[in-house]
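What TrEMBL says about this one:
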type	residues	note
DOMAIN	5-173	domain 'Endonuclease/exonuclease/phosphatase'
ACT_SITE	Tyr35	active site
ACT_SITE	Asp75	active site, proton donor/acceptor
BINDING	Asp75, Asn77, Asp172, His173	Mg(2+) binding site
SITE	Asn77	site 'Transition state stabilizer'
SITE	Asp147	site 'Important for catalytic activity'
SITE	His173	site 'Interaction with DNA substrate'
ACT_SITE	His173	active site, proton acceptor
Amino acid sequence: IKPLSVTYGLGISDHDSEGRLVTAEFDSFFLLSCYVPNSGDGLRRLSYRITEWDPSLSSYVKELEKKKPVILTGDLNCAHQEIDIYNPAGNRRSAGFTDEERQSFGANFLSKGFVDTFRAQHRGVVGYTYWGYRHGGRKTNRGWRLDYFLVSQSLADKFHDSYILPDVTGSDHSPIGLILKL
């Protein structure tokens, strides 16, 4: 399916210089591919992430949603729940699992009507999409679920499957998939 249009960024130069967002408009939905900023070593970008980036992205997707449903996918750099990370107790101050990032993820996306398709379909299932190379995380399944499909509430009853392909290698992240019946 060829998109009606493709745009890049949020339209905010401070954010767009990092090339983190592509929006494809289709007849019945918008598809956004996003790479959310990592809070970084020492959480040096945590404040930017939770006070600037997340609210700006949230506002952008809510504006699009006024026209048609939105599918937001990509590395959202947040393991939202304890089930989404190996060793949650040991990672409380790790970028991607701080209380601040998790709260921001919930407040800016989930509480604004977006559905985490994998978690909605697989409530108690451990499924990771990222494993660090440093300590052989993939071999020992010491991973994080950082990659998502978030969909507008109006699409919640239209997704047939949301899945992770953990055996596909070539990156420290694995592919994820979503099957919608529109």
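The backbone N, Cα and C atoms fix where each Cβ goes, glycine too.
Positions of the features from TrEMBL, shown on the structure.
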| residue | record | Cβ contacts under 8 Å, 6 or more apart |
| --- | --- | --- |
| Tyr35 | active site | Arg20, Leu21, Gly74, Asp75, Asn77 |
| Asp147 | site 'Important for catalytic activity' | Thr73, Gly74, Asp75, Leu76, Thr129, Tyr130, Ile164, His173, Ser174, Ile176 |
| Asp172 | Mg(2+) binding site | Tyr130, Trp131, Gly132, Tyr133, Gly137, Arg138 |
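In the shown protein chains, 19 other C-beta atoms lie within 10 A of the C-beta of the residue listed as 'active site, proton donor/acceptor'. Excluding Asp75, Asn77, Asp172, His173 themselves, the residues of that chain whose CB lies within 8 A of the CB mean position for the Mg(2+) site are, in sequence, Tyr35, Thr129, Tyr130, Leu146, Asp147. Comparing the binding-site residues Asn77, His173 by how many other C-beta atoms lie within 10 angstroms of each C-beta, the top residue is Asn77. Under the DSSP three-state reduction, the residue listed as 'active site, proton donor/acceptor' is assigned to strand.
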